[in-house]
Amino acid sequence: MSTDNQTTAYNPPVLEFKSSSFSVPALILSGNELKAIEQQLQEKIKLAPEFFKNSPVIIDLKELTKQHLDIDIALITEITRKLGLLPIGIRGGSLQQNKNALALRIPVYSNSSNRTNPVETQKTIPATQITEDVNPSKEAASSKAMIITQPIRSGQRIYAQGDLIILAQVSAGAEILAEGNIHIYGALRGRALAGVQGNTDARIFCTHLQAELISIAGNYKISEDLTKNIYNKPVHIYLKDYTLVIKEL
Amino acid sequence: MVTSGKGGVGKTTTSAAIAMGLAKKGHKTAVIDFDVGLRNLDLIMGCERRVVYDFINVVNGEATLHQALIKDKNCGQLYILPASQTRDKDALSKEGVEKVLNELSKTFKYIVCDSPAGIEKGAHLAMYFADDAFVVTNPEVSSVRDSDRMLGLMSSKSRRAEKNQEPIKEYLVLSRYSPERVKLGEMLSVEDVQEILSLHLLGVVPESKSVLNASNAGIPIILDEKSDAGQAYADIVARYLGEEKPHRFIETKRGFFGKLFGGK
């Protein structure tokens, strides 16, 4: 009798619940045209295929709900899955949509934080827009800069949630991504993508521009577009009217 | 560890030369062929007829390290651990390799690992435990690009990287270099390669017929003290051990080629 009691008494707990917060991209839908969503999402993913591969995503429906547009939860999850994303929840949907999501075993997140803080939406919004705003501590995270002193070699990928500062070269075949600005004190021969979460104010600075691709908030130029007079020069790249502007420093 | 990413750039030649050079300086040295399935090191070292057991046998516990190690006929301080020709790289495991390396490090000062080409399992295991890396590169773009990729893997996928230790020390060995062809614009120059890789240059090995002859004869090129390539490797070993040596074989004039072709 005593042995049984003892085992229960001395059994260490094997589980525990803790609250933790994660940063998850939210896919904000502002149109319900499935074809257009799929196409635009595919284009976004193409810009940073490694980043989006198997990335969890929350489907944000509040814009649709505002516009009284309906969307089939089963179909939209299928599209995101097909493109390599892992939908882990919806938010801002109608009662029926919430019910459908739960039937698909997809969690429904409350939208409370956003109701008090309505997002300013542009009039000319694209059908999809990916932002990272589920985590309330995002502001703090993005103000921090990541500093790298080693060369970024071919095949390496760096992702910074805020600014990215590199005090070495970025080799051809390497990819650097930042939600904020990118500074490179060295030759940029690989791909540099700033403002990957849609920050159109992000900028890229580098001392020797030989990049394969440069992008700010999804607007990109490839090396063929770089003219001779800026090639291998110290430059500063920013976005003006959805066009990349490359200025010599 | 000797690596490059690309094949045919001179990894095995370099491994054999560096291992022999270290042993000649009086350091107890072992050289391991990681190219399981395509073993070459024993040919270059001239010990292919003395292979009984191999690296895989030791990893699998079918033979002891002592049984598998082959003592070099030219230098008593040098031992060779050949690869298996009948198996493939899947026969290697991280634990097995670690065990063998730990055992070797008890008796040997230097362990030279000859990495296979590519970035798959064999190459990964060869670099995983490395402290220093000799990156062998030819002066042409694809070789330089592959070396860059390999350097990236070393800084992210090695044991030192995973355990957040000091990174692997990287040295550039530029092989098959021909100053004439650089002058003609057919080859990347030392400066070009260094600009792309930004790596510490350990030495330049000139393109040389003596390398092929030495490989065919099964004598590491470094033992051919008359040849330019042999001297280049001797310089490389000396620099690795901390000696100051001016770089040679980079310029056409006054270099070995200049003398050979009457200062053309």
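Just so you know, glycine gets a Cβ as well, placed from its N, Cα and C.
TrEMBL labels come from automatic prediction, so no person has curated them.
The domain 'CobQ/CobB/MinD/ParA nucleotide binding' annotation in TrEMBL covers B:1-221.
Of all Cβ atoms in the shown protein chains, 13 besides its own fall within 10 Å of the Cβ of B:Gly7 (ATP binding site). What TrEMBL records for B:Lys6, B:Gly7, B:Gly8, B:Val9, B:Gly10, B:Lys11, B:Thr12, B:Thr13 is ATP binding site.
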Tell me the Cβ contacts of B:Gly8 (ATP binding site) under 8 Å, same chain only and six or more apart in sequence, or just say none. B:Ala117
Neighbouring CB atoms within 10 angstroms of the CB of B:Lys11 (ATP binding site), all protein chains considered, total 29
So around the ATP site, B:Lys6, B:Gly7, B:Gly8, B:Val9, B:Gly10, B:Lys11, B:Thr12, B:Thr13 aside, which residues have their CB within 8 A of the centroid of those CB atoms? B:Ser4, B:Thr14, B:Ala117, B:Val136, B:Ser175
Could you check what DSSP calls B:Lys6 (ATP binding site) once collapsed to helix, strand or coil? coil
